[in-house]
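Enquirer: Pasting the feature list from TrEMBL:
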- 17-132: domain 'Acyl-coenzyme A oxidase N-terminal' (DOMAIN)
- 134-235: domain 'Acyl-CoA oxidase/dehydrogenase middle' (DOMAIN)
- Thr138, Gly177: FAD binding site (BINDING)
- 278-439: domain 'Acyl-CoA oxidase C-alpha1' (DOMAIN)
- Glu424: active site, proton acceptor (ACT_SITE)
- 480-656: domain 'Acyl-CoA oxidase C-terminal' (DOMAIN)
Amino acid sequence: MEPLDYLAEERSKASFDVEEMKIVWAGSRQAYELSDRISRLVASDPVFRKDNRTMLSRKELFKDTLRKTAHAVKRTVELNLSEEESSTLWNYVDQPAYANLHWGMFIPAIEGQGTEEQKQKWLPMAYKMQIIGCYAQTELGHGSNVQGLETTATFDPQTDEFVIHSPTLTSSKWWPGGLGKVSTHAVVYARLITNGQDYGVQGFIVQLRSLDDHSPLPGITVGDIGMKFGSGAYNSMDNGVLRFDHVRIPRDQMLMRVSQVTREGKYVRSDFPRQLLYGTMVSVRQIIVSESSIALSRAVCIATRYSAVRRQFGSQNGGPETQVINYKTQQSRLFPLLASAYAFRFAGEWLQWLYTDVTKRLQANDFSTLPEVHACTAGLKSITTSATADAIEECRKLCGGHGYLSCSGLPELFAVYIPNCTYEGDNTVMLLQVARILMKTVSQLVSGKKPGGTTTYLGRVEHLMQCHCEVQRAEDWLKPSVILEAFEARAARMSVTCAKTLSGFSNLEEGFAEISSDLVEAAVAHCQLIIVSKFIEKLQQEIPGKGVKTQLENLCNVYALSLLHKHLGDFVSTGCITPEQSALANEQLRLLYSQVRPNAVALVDAFNHTDHYLGSVLGRYDGNVYQKLYEEAWKSPLNDTDVPDGYHEYIRPFLKQHFRTARL
């Protein structure tokens with residue numbers, strides 16, 4: 001018998017080709033077919049089961065992670081998967097593991113910062129996982145301030161070695177994933193000291209554990225830092241603590257593409273820019289932006305499907321109650337998040353292209369676009385991860401009480417996602433870096449230097465400081481040029497205002513610290529402009545499929561106008577729009593919600609998430625929520641027995657009055 005589809009009626013309302021939208025979401029037909037095939041491969045493999053993950057103890061969870069990682073490697077070899085297929089498989093296994101850091105940070109660090117000889121020595125072993133590495137940068141006392149790291153690497157010219165040492169408690173490496181229990185090696189960032197002079201932070205390849213019995217090597221103290229937020233979630237990762245007690249390594253284990261130390265101990269800088277040292281972080285931030293849309297899409301998919309299934313109030317003459325998704329209050333909270341998932345997807349696509357472009361340029365020794373990539377990855381990493389973390393929690397609230405259940409999938413999704421707001425650059429620190437670039441760009445306008453890349457709009461600053469929004473009717477807000485100019489004018493005016501305020505300080509750094517909150521808001525405006533503009537650019541492309549482009553236009557407008565509503569103070573106080581025009585924007589937004597409503601379930605179907613990947617009873621494809629919630633309850637370990645452990649010691653004495661009780 002065919003299983004019932006409780007959401008069939010919702011799906012029949014769609015006015016667009018869902019299959020074509022799946023291709024747009026994936027990026028290409030080839031990418032869609034690959035992800036669809038791999039996601040189903042993972043979902044059908046019992047080793048990759050994850051429905052019991054939140055009930056496992058930490059030790060059980062960690063061993064389960066080791067087993068899944070080994071099985072993923074085994075399947076990759078057996079099926080002769082390509083690099084892209086293998087990466088996709090890891091994503092769908094959906095369990096943070098040491099391998100993420102080995103492939104995502106340790107190997108790229110050597111590829112980007114090592115010499116040809118170093119790459120030839122270390123990468124073949126790393127590719128075969130004959131050594132397993134991590135990225136040991138963050139310390140107990142320093143995270144965002146990389147230049148403040150305390151671990152030292154002192155060159156000893158007598159032995160041609162570096163001595164790696166942790167001089168203080170706060171110099172202990174803290175947080176690197178894979179470090180706690182698995183990694184045999186690490187790229188360790190330490191202060192290079194030679195001939196008594198400190199040359200700042202450099203990377204070094206250091207062996208941590210024996211390749212025979214996995215025990216820590218002499219001088220190495222290493223372990224796991226303990227439980228993290230939530231059940232399951234990021235506790236599958238062995239984030240570690242590491243201390244060095246005068247550990248000696250050969251000189252050639254300093255990563256020497258950017259700078260070298262000679263046999264005599266002389267420090268030599270190459271022509272490569274120092275930003276290459278942070279190339280791995282830039283790469284990871286770009287991936288984080290791309291993955292923000294995935295995490296957000298999962299939460300939105302769960303909340304949208306459940307909102308269509310759930311009914312509360314509004315029964316007429318004994319008829320069915322109103323679907324929660326039909327309430328305007330639900331739509332005004334949910335649909336901007338749906339639109340954000342698509343917006344972040346297309347911003348991620350563009351950022352991936354930008355990163356690929358700069359990588360090619362770097363190989364040709366062209367470093368001209370490196371600052372632009374650094375700024376974009378920093379800013380968009382901050383904006384997308386903060387918005388996604390908030391959105392996952394909002395989706396939990398949109399699911400009412402049942403959203404708090406572990407089996408809703410939302411608590412674990414939230415717990416595993418929120419570290420993104422901190423690692424690879426604290427989000428506020430990232431925005432301040434963007435603000436510095438904006439202030440530099442504005443200050444250079446006086447000398448006639450034309451800005452480029454994502455700051456090109458500042459080249460029209462005179463116009464943007466004076467222009468007036470031409471909206472007279474609600475539908476005028478549907479014009480891309482109107483939306484774009486409003487966002488450009490807001491960003492430009494906020495940056496110029498900050499620059500003028502800064503110019504009043506005799507000490508620029510003191511001024512920067514004093515108005516840092518305003519600078520963060522200016523950076524937010526700039527980054528939101530980038531995302532809106534990239535969504536609009538996406539819509540200028542040829543997009544096949546019945547009704548697909550229309551739905552994306554609706555979502556683009558929902559995204560932009562919901563941001564305008566949220567940051568109304570910015571737009572009105574800077575004179576970009578009038579209060580009357582803001583009222584028209586809200587009117588148009590309500591109309592857009594009505595157009596999104598019949599397509600909402602189909603729009604989340606286009607994410608093409610399997611039930612296994614979603615990991616949510618509330619977000620099931622078939623909408624059979626209540627039956628499955630009931631079945632899930634009986635899987636609780638507390639239901640293994642009718643009478644709980646502890647009954648005879650702690651409950652029965654009350655019931656039989658064997659305890660003396662006082663009236664409370």
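We number each residue from 1, going along the chain as drawn.
Glycine is treated like the rest: Cβ placed from N, Cα and C.
On a predicted model such as this, the values are computed, not experimentally measured, just so you know.
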Enquirer: Starting from the Cβ of Gly177 (FAD binding site), draw a 10 Å sphere and report how many other Cβ atoms land inside it.
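Expert: Cβ-Cβ neighbours of Gly177 (FAD binding site) within 10 Å number 25.
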Enquirer: Mind giving me a neighbour count for Thr138 (FAD binding site)? Other Cβ atoms within 10 Å of its Cβ, every protein chain shown.
Expert: 20
Enquirer: How big is the Cα-to-Cα gap, in Å, between Gly177 (FAD binding site) and Glu424 (active site, proton acceptor)?
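Expert: Gly177 (FAD binding site) and Glu424 (active site, proton acceptor) have their Cα atoms 12 Å apart.
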Enquirer: When you measure from the Cβ of Glu424 (active site, proton acceptor), how many other Cβ atoms are you left with inside 10 Å?
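Expert: Excluding its own Cβ, Glu424 (active site, proton acceptor) sees 23 Cβ atoms within 10 Å.
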Enquirer: Run through the domain 'Acyl-coenzyme A oxidase N-terminal' (17-132) and tell me, per DSSP, how many residues are helix, strand and coil.
Expert: 90 helix, 0 strand, 26 coil
Enquirer: Within the domain 'Acyl-CoA oxidase C-terminal' (480-656) only, compute the mean pLDDT.
Expert: 97
Enquirer: Please report the distance from the Cα of Thr138 (FAD binding site) to the Cα of Glu424 (active site, proton acceptor), rounded to the nearest angstrom.
Expert: 9
